[in-house]
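J.: Sharing a structure, written as structure tokens. Questions coming.
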């Protein structure tokens with residue numbers, strides 16, 4: 001029996017199972033390998049000699065080193081390899097052709113390769129070439145195709161594209177970077193109007209006749225990335241976007257002199273980086289606007305998720321007569337910079353009535369004279385609390401890159417103070433997340449944790465609400481990306497909750513390299529209804545009515561607890577000062593200092609409690625004796 005099994009195993013071990021597979025399946029398997037690696041299989045046998053070439057997707061990159069016997073780079077080897085693969089394929093159908101080559105490649109060869117795949121009906125063409133074309137113009141047959149669905153062209157030397165006869169009726173994705181559109185009138189308009197089903201458009205570093213009068217009109221476009229950052233930063237004369245079905249919009253440009261026909265009816269996400277020119281920055285002042293981007297903001301005012309760069313925050317201050325109301329905005333992302341002020345943020349936050357999530361990418365900003373005004377900045381002011389914070393509807397606050405110090409003007413203490421200020425003044429805040437680098441010192445995080453405890457306690461006192469504090473651990477994350485909040489899960493909650501979560505963004509992959517950090521988190525929960533006593537939720541169910549009755553019964557208790565807590569605030573200050581002194585004198589970390597202080601206080605108070613108990617017992621005995629004598 002064992003001998004038979006060994007014979008069967010021996011027969012299977014000698015048999016070439018892969019070679020017996022259908023050739024179509026073998027070609028499909030080889031298509032998952034780089035073509036340079038799959039070409040090595042041609043030496044296995046005669047059957048494998050040409051199989052590597054029959055693959056629907058061809059990707060060539062001359063970054064793979066092609067060396068001659070002397071060890072020097074030889075571009076001819078790369079050119080011969082591409083020619084051989086294409087000749088072996090013959091008229092074999094091709095789906096994707098990707099070519100990445102530098103300025104050593106012969107433009108005649110590149111033109112021949114492009115013509116070959118275009119004649120065979122390629123649907124996905126990806127060209128990233130630095131080639132010195134004849135007359136500087138790319139082959140015109142690229143832009144005349146019924147089969148092309150995805151087209152990407154990226155040059156490093158600004159090659160010309162002749163769009164006189166462009167015809168791409170089935171193109172859905174277009175990516176252009178560092179190209180010059182050549183046309184008798186307006187090359188960009190001609191190109192877009194010739195793409196009848198275009199859905200995804202990426203434009204960067206391109207130029208055409210009429211470049212300063214930018215106009216884009218497309219009823220089918222859904223995603224648009226538009227980079228027009230000039231080296232000399234010139235203000236465009238006019239900008240027009242007629243894209244009613246656009247849902248994703250990334251736009252980098254200088255402030256235009258005029259905005260017209262801004263149609264973004266379906267916009268969901270927008271990332272805006274508008275900037276002023278050097279001339280505008282020189283003459284910008286609070287009394288004199290140097291531009292007007294109001295019409296552009298009105299066009300995107302129905303967006304749901306908005307990301308604003310620091311330059312855009314400055315544009316809102318110096319180039320905007322009025323900030324419109326963003327009635328549908330639920331998530332706002334602010335990218336900060338130490339050279340840009342926050343003067344426009346108070347008005348912007350006021351004009352976001354349904355804002356749920358606020359995200360700061362860093363806490364950097366330029367200190368200006370407006371920082372001392374109540375509604376001139378988000379900084380803590382001695383004149384009062386900004387109304388944009390005291391009446392803010394924000395429920396989720398996230399701060400990326402907390403503690404990042406860019407220059408000598410950045411201060412860790414200011415960032416901690418700003419976090420505490422947000423927590424104290426934003427009444428509807430339910431959750432705060434801080435993402436910080438593991439290089440931040442442990443004592444800084446420990447101090448922040450203690451301040452969070454105290455700030456949360458004071459906030460509960462000021463609001464005169466009964467809380468039940470509890471501790472949770474730091475959320476350890478191996479990535480630096482923040483997940484998108486699930487807004488819907490919070491809209492139907494009847495209970496009031498507030499939590500702060502400190503999260504480390506790890507910069508290294510191995511968890512064993514992470515420094516130990518004391519886990520801490522604070523979450524508070526109020527098991528009471530937030531509805532009004534009368535006139536609210538009249539159509540609510542029995543549970544809502546019961547919650548309202550619970551509020552009525554517990555109202556007096558809440559006030560008593562709040563008053564008692566206010567009386568104990570001095571004791572909290574005293575205990576916190578003791579912990580700080582122990583930490584400074586002994587050198588222990590914060591948690592060890594808290595434990596040591598606890599034992600110290602217990603050691604002092606227990607004898608006093610025993611003595612008080614003895615005195616109370618003696619007093620009771622004396623009273624009993626006096627009662628017996630009477």
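Keep in mind that glycine also has a Cβ here, set from the backbone N, Cα and C atoms.
Copied straight from Swiss-Prot:
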- 15-63: domain 'F-box' (DOMAIN)
- 101-129: repeat 'LRR 1' (REPEAT)
- 152-178: repeat 'LRR 2' (REPEAT)
- 180-205: repeat 'LRR 3' (REPEAT)
- 228-253: repeat 'LRR 4' (REPEAT)
- 300-325: repeat 'LRR 5' (REPEAT)
- 337-362: repeat 'LRR 6' (REPEAT)
- 406-436: repeat 'LRR 7' (REPEAT)
- 437-465: repeat 'LRR 8' (REPEAT)
- 567-590: repeat 'LRR 9' (REPEAT)
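Describe the structural surroundings of these features, if you would.
T.: Confidence annotation: the domain 'F-box' (15-63) carries a mean pLDDT of 73 in the model.
Below 8 angstroms of C-beta separation, residues 57-58, 60-62, 73, 75, 78-79, 82-83, 86, 91-95, 139, 141-142, 145, 147-157 of the same chain, each at least six residues beyond the ends of the repeat 'LRR 1' (101-129), sit close to that stretch.
A Cβ distance under 8 Å defines the sequence-distant neighbours of the repeat 'LRR 4' (228-253), meaning residues of its chain 6+ beyond its ends; these are 203, 211-222, 259-275, 277-278, 280, 291, 296, 299-300, 303.
Under DSSP, residues within the repeat 'LRR 5' (300-325) fall into helix, strand and coil as 9 helix, 4 strand, 13 coil.
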J.: Where else in the chain does the repeat 'LRR 3' (180-205) make close Cβ contacts, counting only residues six or more beyond its ends and a cut-off under 8 Å?
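T.: Residues packing against the repeat 'LRR 3' (180-205) from afar: 137, 143, 158-164, 166-174, 211, 214-218, 220-228.
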J.: DSSP on the repeat 'LRR 2' (152-178): how many residues come out helix, how many strand, how many coil?
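T.: Once the DSSP states are binned, the repeat 'LRR 2' (152-178) shows 0 helix, 18 strand, 9 coil.
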J.: Given a Cβ distance threshold of under 8 angstroms, which distant residues of the chain, six or more beyond its ends, lie next to the repeat 'LRR 2' (152-178)?
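T.: Tertiary neighbours of the repeat 'LRR 2' (152-178) are 103, 125-133, 135-138, 140, 142-146, 184, 187, 190-191, 194-207.
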J.: Sequence-remote contacts (6 or more beyond its ends) of the repeat 'LRR 5' (300-325), Cβ cut-off under 8 Å?
T.: 249, 255, 262, 264-265, 267-276, 280, 284-286, 289-294, 331-337, 339-345, 347-348, 351-353
